[in-house]
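Visitor: According to Swiss-Prot:
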TOPO_DOM  1-208  topological domain 'Cytoplasmic'
MOD_RES   Ser57  phosphoserine
MOD_RES   Ser112  phosphoserine
MOD_RES   Ser172  phosphoserine
TRANSMEM  209-229  transmembrane segment
CARBOHYD  Asn230  N-linked glycosylation site
TOPO_DOM  230-255  topological domain 'Lumenal'
TRANSMEM  256-276  transmembrane segment
TRANSMEM  278-298  transmembrane segment
TOPO_DOM  299-315  topological domain 'Lumenal'
TRANSMEM  316-336  transmembrane segment
TRANSMEM  340-360  transmembrane segment
TOPO_DOM  361-372  topological domain 'Lumenal'
TRANSMEM  373-393  transmembrane segment
TOPO_DOM  394-426  topological domain 'Cytoplasmic'
TRANSMEM  427-447  transmembrane segment
TOPO_DOM  448-504  topological domain 'Lumenal'
CARBOHYD  Asn471  N-linked glycosylation site
CARBOHYD  Asn492  N-linked glycosylation site
TRANSMEM  505-525  transmembrane segment
TOPO_DOM  526-549  topological domain 'Cytoplasmic'
TRANSMEM  550-570  transmembrane segment
TOPO_DOM  571-584  topological domain 'Lumenal'
TRANSMEM  585-605  transmembrane segment
TOPO_DOM  606-673  topological domain 'Cytoplasmic'
MOD_RES   Ser637  phosphoserine
Amino acid sequence: MSTHSNDYFSASSGMVSETSSEVSSINSSQPVSFSKASIAAPVPCSDLHSTKSNDASRKLSISRTLTNRLNDIKKAVDDDNLQTEENSADVNKILESRFDVADAIRLQHNESVQSKLNIPVTHTTTAGASLSAPSSSAFSASSIQNDTTEHKASMDSKLMRNRLYPASTKHSGKDLEAQGITEFEPDEPTVKKVFTNKSTGQLELPPDGGYGWVVTFCVFLTMFSTWGCNASFGVDLAYYLNHDTYPGASKYDYALIAGLTVFLGQLLSPLVMALMRIIGLRTTMLFGDAVMLAAYLLASFTTKLWQLYVTQGFMVGCSISLIFVPATTVLPGWFLKKRAVAMGVSLLGTGAGGVVYGLATNKMLSDFGNTRWCLRIIGISCSISVLVAIALLKERNPTPAIGLKSPRAMFEQLKAMFSLKVITKPFVVLIALWFMFALFAYNMMVFTLSSYAISKGLSSHDASTLTAILNGSQSIGRPLMGLAGDKFGRANVTIVLTTLLTIYMFAFWIPAHTFVQLIFFSILVGSCVGVANVMNTVLIADMVKPEEFLPAWAFVNYCGAPFLLVCEVIAQALTVEKDKSNPYLHAQIFCGCCFIAALILISILREYSIRMKLTERQAMTNEKLKEWKASEYDTDSADEDWGKLKERKTKYDLLLGPGIKKYFLRMVYPMKV
């Protein structure tokens, strides 16, 4: 067996040292004398040609060194990306990389039932459900156990099993083996734990289509009528600020109402998720729809400021969370491989709703001269569209509600949702901080754009048009973000988009004064400003284990919610009305600084993610090297594989080395992550 020592890092180190020696030799040469005599003395032509030749050879050598260095880096990155692509067909890897709240709920429910029964769960694959080679080994015939009848359960467990698994209790161990039924093991893949139908004991993978597209349309409607409608509040805010609608109200009051809806929408998400597990999905959404209708209708009759706080602030915020959170849990049950596409289509609702309700709100305000009929029409239209979504929404494998009869079961749901163990994981805290800064800047920019346009001398119609363009760009940008994240890496895409947003805030928004300039700004920013909303869930899935996903998701939502409450209040406090040239300059700078903070945090998260992935691959490489040493191969292919493993070992040892230089090297290492 021969070994290859020409790995890329050792070669590159030699090249860099060679370059350094050449540069040092140039720097250590005799200094040039600039005396009059030396200037006047003629230089022989042969010396000039020799000097030019030496300079050219040095430049050529440096150029070759850099070229070889870049080629070696490209080779290393391609090797890592190839290893990532090798797992792209593994259904279990796909699920873990796209893990969602609905998957976490099903996993929690299945494990809860399993612990209560204290019996092995039976699994069988349905027709058409296929796994890739890495996952299918768990379901092969060799994993089937013949002695399932040897398990001794209590009488209560037997009775519950007869109710849940009537088919499996009618067969002997040999009959179960013939059906392809296996016992549940602790190290089973996540896809088996999540998509096992508890009523039949069968593994049922999502169909990636069919009625799932109707469900996608339903989620689109809920996003259209909740966050999409709320995105048009910037038009209402501009109207309230420019008209004395509620005597005695300050700009901070209206700003606080704007922040209240976003604050409650994020803060209540974990509580709504627990409520849905207790009373059921449809009941929760119907309750939220009723609250929404009442909120807008009551807001249209308000005459005092506190009434507006209660209706358009508190009640609307609660209704948004009660409607959209349960709806988003249905979609993952219908899609797995096409989940990013389905999620992207459903997210179109936020941007589309902002366009429609933004333009409609401005039109109704100009026609009616007040917000009364505007709020009534919005409330009725939103509640009807949500009712349509509830009627058509269908869970593929519904998780039964636990009901109100068991306080202990309800407490267990809250305990699982608000587990404080996730705080001990620093990367979860980093995700929460990143999400807070990015969402803070997003809301500040969205709610301020309309008022900023009016301060620059534009009409209210132009201001609402800018808001509509911004939301329309979001409807295109958000689906593309999800697809780009799956192709190029979530952290990579997030860093690129956050960098662009930082540039747009400082280099485009501040100098933009005309309507045309603000149109282009709205298009550019709208295409990438929703990056936090799109990427927060998948980044959590990349960082935590499936069993820890639910409390981590809850923590990310409620951790940054209080800051969203005062988001627009801070924007108004930073406004300098005496500065006629640009009263929102300080708010714009603060918004850009928030994106800078988000960029720093996501860069730290990227380094951590790369370190985890490289550490895992380093361990796998070392294990394979041990296996190769223990075995004997004398073929060309074996020799080639040995060389590749040695190159990988050297690469991982270098990248995972200690020191600040290695830390930043991992941070900028251009692999898909």
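In case you wondered, yes, glycine gets a Cβ from its N, Cα and C as well.
So where do these features actually land, and what's packed around them?
Guide: All protein chains shown were included, and the count of other CB atoms within 10 Å of the CB of Ser57 (phosphoserine) stands at 11.
Over all protein chains present, the Cβ of Ser112 (phosphoserine) has 15 other Cβ atoms lying within 10 Å. DSSP assigns Ser112 (phosphoserine) to a helix.
Counting only same-chain residues 6+ beyond the ends of the transmembrane segment (209-229), those with a CB under 8 A from a CB of the stretch are 265, 285, 292, 319-320, 323-324, 327-328, 330-331, 334-335, 338, 342, 345-354, 356-357, 378, 381-383, 385-386, 388-390, 392-394, 396, 471.
Under the DSSP three-state reduction, Asn230 (N-linked glycosylation site) is assigned to helix.
Listed by sequence, the residues of this chain that lie at least six past the ends of the topological domain 'Lumenal' (230-255) yet keep a Cβ under 8 A from its Cβ atoms are 261-262, 265, 302-305, 308-309, 316, 320, 350-351, 353-354, 357-358, 360-362, 365, 370-371, 446-451, 454, 460, 463-464, 467, 471, 568-569, 571-573, 575.
Secondary structure of the topological domain 'Lumenal' (299-315) per DSSP, as helix, strand and coil residue counts: 12 helix, 0 strand, 5 coil.
If one looks beyond the transmembrane segment (340-360) by at least 6 residues along the same chain, the residues whose Cβ comes under 8 Å of a Cβ in the stretch are 98, 212-213, 216, 219-229, 231-232, 234-235, 328, 331, 334, 377-378, 464-465, 467-483, 485-486, 526, 530, 533-534.
Same-chain neighbours of the topological domain 'Lumenal' (361-372): 232, 235-236, 239, 245, 299-301, 378, 460-461, 463-465, counting only residues six or more beyond its ends whose CB sits under 8 Å from a CB of the stretch.
Non-local neighbours of the topological domain 'Cytoplasmic' (394-426) in the same chain are 105-106, 108-109, 112, 195, 197, 204, 206-207, 211-212, 214-215, 270-271, 273-274, 276-281, 283, 330, 333-334, 544, 548, 550-552, 554-555; each lies 6+ residues outside the stretch with a CB under 8 Å from one of its CB atoms.
Residues of the same chain lying 6 or more positions beyond the ends of the transmembrane segment (427-447) and with a Cβ under 8 Å from any Cβ of it are 231, 233-234, 237, 255, 258-259, 262, 266, 467, 470, 498, 501, 505, 509, 525, 529-533, 536, 539-540, 543-544, 552, 555-556, 559-560, 563-564, 567-568, 570-571, 587, 590-592, 594-595, 597-598, 601-602, 604-605, 608.
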Visitor: With pairs restricted to those 6 or more apart in sequence, evaluate whether the transmembrane segment (278-298) and the transmembrane segment (550-570) have 3+ C-beta pairs under 8 Å.
Guide: no
Visitor: Sort out for me which one of Asn230, Asn471, Asn492 has the most neighbouring CB atoms within 10 A, since those are the glycosylation sites we care about.
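Guide: Result of the Cβ crowding comparison: Asn471.
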Visitor: Contact between the transmembrane segment (373-393) and the transmembrane segment (550-570) is defined here as three or more C-beta pairs under 8 Å separated by at least 6 residues; is that satisfied?
Guide: no
Visitor: For the transmembrane segment (316-336), I need the partner stretch with the highest count of C-beta pairs below 8 angstroms, choosing only from 256-276, 373-393, 505-525, 585-605.
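Guide: The stretch I would name here is 256-276.
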Visitor: Of the listed stretches 256-276, 373-393, 505-525, which one has the most C-beta pairs under 8 A with the transmembrane segment (585-605)?
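Guide: Top-ranked stretch among 256-276, 373-393, 505-525: 505-525.
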Visitor: C-alpha of Asn230 (N-linked glycosylation site) to C-alpha of Asn471 (N-linked glycosylation site): distance in Å?
Guide: 11
Visitor: Checking distant contacts: for the topological domain 'Cytoplasmic' (526-549), what same-chain residues at least six beyond its ends satisfy Cβ-Cβ under 8 A?
Guide: 96-101, 103-104, 107, 190, 193-194, 347, 350-351, 421-422, 425, 427-428, 431, 434-435, 438-439, 442, 445-446, 469-474, 476-478, 480-482, 485, 490-491, 493-494, 497-498, 500-501, 556, 598, 605, 608-609, 673
